[in-house]
Amino acid sequence: MAQDSLADGGRTDTHFGYRTVPLDDKQRMVDEVFHSVARRYDLMNDLMSLGLHRAWKDLLVSRLRPPRGARPFHLLDVAGGTGDVSFRTVEAGGPTTRATVADINGGMLAVGRERAASLGLADRVEFVEANAEELPFPDKSFDAATVAFGIRNVPRMDKALSEMRRVLKPGGTCFVLEFSRVDVPVLDAIYDAYSFKLIPGMGKLVTGDADSYQYLVESIRKFPPPEVFAEMMRTAGLRRVAWTPLTGGVVALHSGVRI
Ligand code: SAM
């Protein structure tokens with residue numbers, strides 16, 4: 001059976017939404033999704049989440065606690081796309097808070113660079129084209145690492161988690177914000193109907209691409225439950241692993257520390 005990145009040993013298949021695909025094909029398929037939606041990605045995020053992604057990201061930033069004083073703080077925002085988490089972090093922190101957005105998709109990064117320029121943050125947020133599975137950064141170089149709504153798109157999630165741990169300074173925290181399991185009766189049925197009946201149609205209207213949004217809702221359902229993902233974080237060498245369900249479990253904020 002295809003496993004979405006529990007361990008690498010001998011796997012040749014994985015999930016692309018509800019389809020089983022060769023592991024080596026998934027990244028190309030994911031890249032097509034984000035190339036297709038890049039220009040409308042931020043608008044669709046607001047529509048799809050009814051604006052809630054802003055509150056979830058703000059909570060992430062409040063847990064990051066970027067220093068407001070002169071202490072330097074450098075965030076690595078993996079699969080950071082158009083830069084949302086990075087912008088919020090540098091805006092919350094002091095003048096020496098910086099962020100590096102690492103994303104595999106040049107289309108998403110291009111939108112991010114334009115946003116950085118229009119927000120006047122181009123000198124504090126840099127954009128690097130990089131695969132989360134092989135981060136082009138030295139060991140122990142970042143104060144914190146985040147990945148928001150990105151890890152489920154990475155074919156080898158175990159590698160991405162190990163890489164995030166590797167580049168963290170000892171004592172630094174890795175935060176993963178990701179869709180999770182709704183555990184509130186009635187809300188789960190509403191959420192299912194909303195996801196499968198409305199979101200692909202909304203995606204078609206706004207981006208002209210229903211299939212990409214069908215993939216996005218399916219990939220959410222294939223993401224492991226929080227206790228399984230927490231074990232993956234431990235296997236990657238992170239410690240003090242914990243998670244907080246948000247909005248009835250629609251999303252969870254996971255964290256783990258590099259000791
Ligand atoms: N973090 C941003 C946010 O919260 O708005 C963007 C999230 S978007 C749903 C997922 C991102 O994951 C896309 O920008 C995509 O290009 C990126 N991605 C997918 N596979 C990746 C990989 N192997 N390495 C780095 N980024 C990847």
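Note: Cβ is positioned from N, Cα and C throughout, glycine not excepted.
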Out of ASP103, ASP123, ASP143, which does TrEMBL tie to the same S-adenosyl-L-methionine site as THR82, ASN131, ALA132?
ASP103
Go through THR82, ASP103, ASN131, ALA132, our binding-site residues, and report the one whose Cβ sees the most other Cβ atoms within 10 Å.
THR82
What three-state secondary structure does DSSP assign to ASN131 (S-adenosyl-L-methionine binding site)?
coil
Could you state, as a whole number of Å, the largest distance between Cα atoms of any two of THR82, ASP103, ASN131, ALA132, the listed S-adenosyl-L-methionine binders?
15
